[in-house]
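So that we are looking at the same thing, I have put the structure below in C-alpha cells.
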C-alpha cells in the first residue's frame, strides 16, 4: 500500500477491542487459556501420530498436517493479540502486517484444500477398502499434502499483493485485532470494487473446489454405507466420518460468513468475533473432536501415558 501524500509510512494501529476496555481483561484470560489448550491438544495429536505405529496411516498423516496448520494459524495472531490486550501499544509494522496477512491467508487456504483431501481419504477407505492401501500410497499422500500447502500459499500471495497495492493516503488504523482482508480494504482511499471482486473470486475458487471434493466424496460414502446390511456396520462407517464432517462444518461455516458476503453487509464488530472463532476456538476444538470420537487416538494416548508412567 502506497501513500499519495509522500509521507513516510511506518505501520498500522490495530484497534482490536480498544473500544471495549472492560472486555479486554476477560478476553485476555479466556484467550490465554484457549491458546494453551490449542498448543497442548494439537501438539498431542502430532506426537501421537508419530509415536504410535497404529496411527501411522494416511488418515492420521493428514490429521497431523491439520494440527500443525492449526498451531501455526493460531500462533500467527493470538500471541500478538494477547500483548495488545494488556498493553497500550497496539501497533504493527508494515512488514509485520504484510507477513501476518500472507501467513493467515495461506494457512486458511491450505486448510480448505486439506479438508477436501481428507474427504477423499475417507472416500477411499469406505468405498474402496480392498484397494485403500494401494490408492492412498505414502507418496500420493505426501504429494496431496504438499499440493495443499503450495496452492494455499500461492493463492495467499495473489491476494496479499492485490490488497497491498491499494493506496492508503495516510490511513493506518485497522479496526480489527489482526491484519485481515475486509478491514484492510476499508483503509483504501480509492474505489476498491475491482479489487474486492478479484479477492472474492480467488476466495470462491479456494473454497468451492474443496467443497466439490467433499460433496462428491460423501455422496459416494453415503451410497456405499446404505448398502451395508448391518446397522452396526453402518454406524461404524459413519462414525469414521463424523469427526471430519464436524470440523468441515465449523471451518466452512465461519469462512463463508467472513469472506463470501458482500462488503456492504460486513459488520466490523461481528467480523472480529467471527475471526476470534476461527483463529482460536476452531483450532482448539479440532483435537477434542478427533480425540473424543476416535478410539484409536484415545487408545494411543492411554498407551503413551501408561507407558511413560510405567517407565518411572
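The backbone N, Cα and C atoms fix where each Cβ goes, and this holds for glycine too.
Feature annotation from TrEMBL assigns transmembrane segment to 25-48, 60-78, 98-120, 140-166, 200-221, 241-260, 272-292. Under the heading domain 'G-protein coupled receptors family 1 profile', TrEMBL lists 41-290.
Situate these features within the shown structure.
When Cβ-Cβ distances below 8 Å are used as the criterion, the transmembrane segment (25-48) is approached by residues 17, 55, 63-64, 67-68, 70-71, 74, 78-79, 81-82, 85-86, 276, 280-281, 283-284, 286-288, 290-291, 297, 300-301, 304 of the same chain, each at least six residues removed from its ends.
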Relative to the transmembrane segment (60-78), which of 140-166, 241-260, 272-292 accounts for the most Cβ pairs at distances under 8 Å?
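The stretch with the most close Cβ contacts to the transmembrane segment (60-78) is 272-292.
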Of the listed stretches 140-166, 200-221, 241-260, which one has the most C-beta pairs under 8 A with the transmembrane segment (272-292)?
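Between the stretches 140-166, 200-221, 241-260, 241-260 has the largest tally.
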Below 8 angstroms Cβ to Cβ, which residues of this chain, lying six or more residues outside the transmembrane segment (140-166), approach it?
1-2, 58, 61-62, 65, 98, 101-103, 105-114, 117, 120-121, 181, 184-185, 187-188, 190, 192, 195, 198-199, 202-203, 205-206
Which residues of the same chain, at least 6 past either end of the transmembrane segment (200-221), have a Cβ under 8 Å from a Cβ in it?
109, 112-113, 115-117, 119-120, 122-123, 126-127, 151-152, 155, 158-159, 237, 241, 245, 248, 252, 255-256, 259-260
Restricting to the domain 'G-protein coupled receptors family 1 profile' (41-290), report the mean pLDDT as a whole number.
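Average per-residue pLDDT within the domain 'G-protein coupled receptors family 1 profile' (41-290): 89.
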